[in-house]
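K.L.:
Below are the features listed in TrEMBL for this protein:
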- Arg24, Asp80, Glu81, Ser82, Lys122, Gly136, Asp137, His215, Ser216: substrate binding site (BINDING)
- His93, His118, Asp119, His189, His215, Asp248: Fe cation binding site (BINDING)
- Ser28: phosphoserine (MOD_RES)
Amino acid sequence: GPDPSLVYRPDVDSEVAKDKGSFRNYSSGPLLDRVFATYKLMHTQQTVDFVRRKHTQFGGFSYKKMTVLEAVDMLDGLVDESDPDVDFPNSFHAFQTAEGIRKAHPDKDWFHLVGLLHDLGKVLVLAGEPQWAVVGDTFPVGCRPQASVVFHDSTFQDNPDLQDPRYSTELGMYQPHCGLENVLMSWGHDEYMYQVMKFNKFSLPPEAFYIVRFHSFYPWHTGGDYRQLCNEQDMAMLPWVQEFNKFDLYTKCPELPDVRELRPYYEQLINKYCAGVLSW
């Protein structure tokens, strides 16, 4: 199926969307039927049990041994066909995001590297995982979906968790303000890459781990929902995720970066923060 993560984004700030008028149409277009079908699969099958099974399946980090740049190169084979903005490989988007951050925040080299790393969890698609279990907006499982989850009114009817009294209330299986680190998020490239970073002991600051883990959680960082689950740390980290999102969404352009020219800079960042052959 297509990658829905960048096609239907009704909650993007209207002023930003207006400034970026050449970007995506949020309410119509030839892709919406396919996007809806992908979210329907995601919102039906992403349950507490499913997410726990995926944590077990990939938690041994036995899928592949490779360096960060080898993972970036793998994304040469991944084009998000339903993305209306680009028809070039995901690896270029990684460098575009990183370079956008580097230009705006020249003093924060760890933040530049986050731009390169943030979508590397999409290698799961190349491992044979369905796109509805890798891409798209994320949301907490184990509680009732909130209003800003994409298609929330029309795609969750067949999710068995919503027939379970443990999981069908606003708080569900969570305590108020338990913190997002204690919330079970829908499975996808965010959570997988966060776990890869943790397992391989990346020496990046906490903000980097946080951005990677929650950059697709649009219902929270853009929609303003799920505040009842957040603690003080989450609210302190929110501006970092929102700052990152500016570069993730709007650094794409058809003028592709000269990756050969950029690689040496990012190689030295990788050697500083996450060197060597990693377990994926």
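The backbone N, Cα and C atoms fix where each Cβ goes, glycine too.
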K.L.:
Using all protein chains in view, find how many other C-beta atoms are within 10 Å of the C-beta of His118 (Fe cation binding site).
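P.N.:
The Cβ of His118 (Fe cation binding site) has 26 Cβ neighbours within 10 Å.
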K.L.:
Quick one: of the binding-site residues Lys122, Asp137, Ser216, which has its CA closest to the CA of Asp248 (Fe cation binding site)?
P.N.:
Ser216
K.L.:
Rounded to the nearest Å, what's the C-alpha distance separating Asp119 (Fe cation binding site) and Asp137 (substrate binding site)? Just drop the number here, would you?
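P.N.:
On Cα coordinates alone, these residues lie 13 Å apart.
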K.L.:
Just to be sure I understand: of His93, His118, His215, which binding-site residues have a C-alpha no more than 10 angstroms from the C-alpha of Asp137 (substrate binding site)?
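P.N.:
Candidates kept after distance check: His215.
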K.L.:
Relative to the Cβ position of His215 (Fe cation binding site), how many further Cβ atoms are located within 10 Å?
P.N.:
24
K.L.:
Of the binding-site residues His93, His189, His215, which sits closest to Lys122 (substrate binding site) by Cα distance?
P.N.:
His189
K.L.:
In whole Å, how far is Ser216 (substrate binding site) from His118 (Fe cation binding site) when you measure between their Cα atoms?
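P.N.:
Cα of His118 (Fe cation binding site) to Cα of Ser216 (substrate binding site) measures 10 Å after rounding.
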K.L.:
Among all protein chains shown, how many Cβ atoms are found within 10 Å of the Cβ of Asp248 (Fe cation binding site), not counting that one?
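P.N.:
The answer is 22.
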K.L.:
What is the number of other Cβ atoms found within 10 Å of the Cβ of His189 (Fe cation binding site)?
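P.N.:
Taking all protein chains shown, His189 (Fe cation binding site) has 26 Cβ neighbours within 10 Å.
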K.L.:
Using an 8 Å cut-off from the Cβ centroid of His93, His118, Asp119, His189, His215, Asp248, can you name the remaining same-chain residues around the Fe cation site, in sequence order?
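P.N.:
Output for this site, in sequence order: Ala94, Thr97, Lys122, Asp190, Ser216.
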